[in-house]
């Protein structure tokens with residue numbers, strides 16, 4: 001069946017429950033710049049400044065954020081929900097601390113500027129310091145939490161624009177803002193980032209909450225949701241994600257994540273389940289696609305990823321789809337463009353399901369189904385039965 005749409009506790013007695021956390025939707029900076037016609041210039045300038053050869057725009061497009069708190073008293077952060085990964089980190093108080101200038105650079109004739117370039121004996125003193133991507137973001141202050149414990153080990157995650165790295169700590173993690181009905185997960189190990197990738201400077205996130213499987217986490221650290229399941233804190237080992245379509249509105253309610261149960265308030269009761277094809281990822285089988293005169297049932301692996309604002313597919317398939325939309329690939333911005341007057345629609349087949357708004361990806365699963373898909377379908381992530389359920393958003 002082809003479905004069609006456009007763009008698509010601390011006591012021995014444990015109380016089982018479900019917990020709902022509202023999400024905030026921010027207009028991604030990437031989209032703002034593309035609409036204003038400044039994205040290409042930004043990319044050109046960023047590439048000139050970057051020491052990395054990889055894409056430099058991979059994380060500019062995610063802006064569905066949820067509130068969490070850590071420690072006692074509680075310190076609050078807004079984090080990106082990431083079903084495509086299993087790592088949980090927030091920004092440490094020491095993040096990207098500016099190093100002191102060398103003593104030889106303290107002379108007046110070595111102040112950064114034209115005078116430095118002419119009179120300073122050490123040319124390295126004349127180089128400007130890179131901007132700190134941690135600036136303007138809330139950081140975790142370890143000494144303020146009476147329940148914090150430092151643990152052994154360090155970690156590093158390579159993102160498209162560089163590394164995010166730090167050390168591990170242990171504390172009480174709460175899903176939801178202070179004063180709300182929170183899911184409390186004690187003695188949770190989490191990453192404290194001492195440096196973050198430059199791309200995050202344009203994002204509102206203050207950390208990433210990986211909702212994937214422990215086996216996929218760096219150093220196989222148990223993610224908070226998995227720990228909640230292991231501690232029997234939930235009605236069921238599931239979480240449901242509902243993304244609301246709010247257009248380009250800024251800092252508004254953007255949906256709900258429900259831990260431990262289905263979300264009947266926002267999702268239709270008819271759920272279609274699809275088994276996972278990987279024991280380490282929220283990955284399923286995409287059986288085929290159809291658009292215009294093009295159709296294929298080759299089949300691919302598809303990752304369901306809440307951290308992606310696009311649906312992503314193989315280059316060859318995307319080129320065929322673009323032809324049907326009279327679209328073209330913009331090398332600099334890294335996206336396919338098509339006329340808004342196009343009346344073509346795209347059918348994707350997952351068992352009996354699914355959308356569009358696509359971007360090329362050359363590594364990992366062949367497809368990624370991100371925010372455009374999740375806005376049309378609630379996604380029920382069933383960790384116990386290793387499956388994902390799809391229900392039409394209300």
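Quick reminder: no glycine exception, Cβ is built from N, Cα and C everywhere.
TrEMBL labels come from automatic prediction, so no person has curated them.
The signal peptide annotation in TrEMBL covers 1-17.
Feature annotation from TrEMBL assigns domain 'Peptidase A1' to 64-391.
Sequence annotations record features per position, and here TrEMBL assigns active site to 82 (among others). Sequence-distant contacts of residue 82 (active site), defined by Cβ-Cβ distance under 8 angstroms and a gap of at least six in the same chain, are 208, 209, 210, 211, 212, 305, 306, 307.
Residue 95 (disulfide bond): 21 other CB atoms within 10 A of its CB, across all protein chains. In the three-state DSSP scheme, residue 95 (disulfide bond) falls into the coil class. What TrEMBL records for 95-134 is disulfide bond.
For residue 305 (active site), the Cβ neighbour count at a 10 Å cut-off comes to 29, with all displayed protein chains included. The active site annotation in TrEMBL covers 305 (among others).
Across the domain 'Peptidase A1' (64-391), mean pLDDT in this model comes to 85. Long-range Cβ contacts of residue 134 (disulfide bond) within its own chain (separation 6+, distance under 8 Å): 91, 95, 96, 193, 195, 196.
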